[in-house]
Amino acid sequence: MGDVEKGKKIFSMKCGTCHTVEEGGKHKTGPNLHGLFGRKTGQAVGYSYTAANKNKGIIWGDDTLMEYLENPKKYIPGTKMVFTGLKSKKERTDLIAYLKEATAK
């Protein structure tokens, strides 16, 4: 189980420039992540995704995010996300714990 507070710090430092998490939050360079868990790739309403993201067809959850966040461009070739990934499994676990909580509120 990840540490939500550590995950929040990771999000703030590495993700918050491009993403929001709150319900009704604006899309930035990347989509708002509210409702992420259980949603198919490329489905946030009002955000312009690449065909690669739309066509990946997986459902976001702990396992898919764990793999994606390690190396986004390897997991979804053609994604426009510029983030190179979190190599530390602990950091990914903490970030996922935060995202699970923050995107469900």
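Positions of Cβ are set from backbone N, Cα and C atoms, glycine also.
Some features that Swiss-Prot has for this protein:
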BINDING   Cys15, Cys18, His19, Met81  heme c binding site
MOD_RES   Gly2  N-acetylglycine
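Taking the features listed in Swiss-Prot, we show where each one sits on the structure.
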residue: Gly2; record: N-acetylglycine; Cβ neighbours (10 Å): 20
residue: Cys15; record: heme c binding site; Cβ neighbours (10 Å): 20
residue: Cys18; record: heme c binding site; Cβ neighbours (10 Å): 14
residue: His19; record: heme c binding site; Cβ neighbours (10 Å): 22
residue: Met81; record: heme c binding site; Cβ neighbours (10 Å): 18
### Summary
Given the heme c site Cys15, Cys18, His19, Met81, its other Cβ neighbours within 8 Å of the Cβ centroid, in chain order, are Gly16, Thr17, Lys28, Thr29, Gly30, Leu33, Phe83
### Message
Roughly how many Å lie between the Cα atoms of Met81 (heme c binding site) and the residue listed as 'N-acetylglycine', rounded to a whole value?
### Response
24
### Query
Where does Cys15 (heme c binding site) sit in the DSSP three-state scheme?
coil
### Query
Cys15 (heme c binding site) to Gly2 (N-acetylglycine): how many Å between their Cα atoms?
17
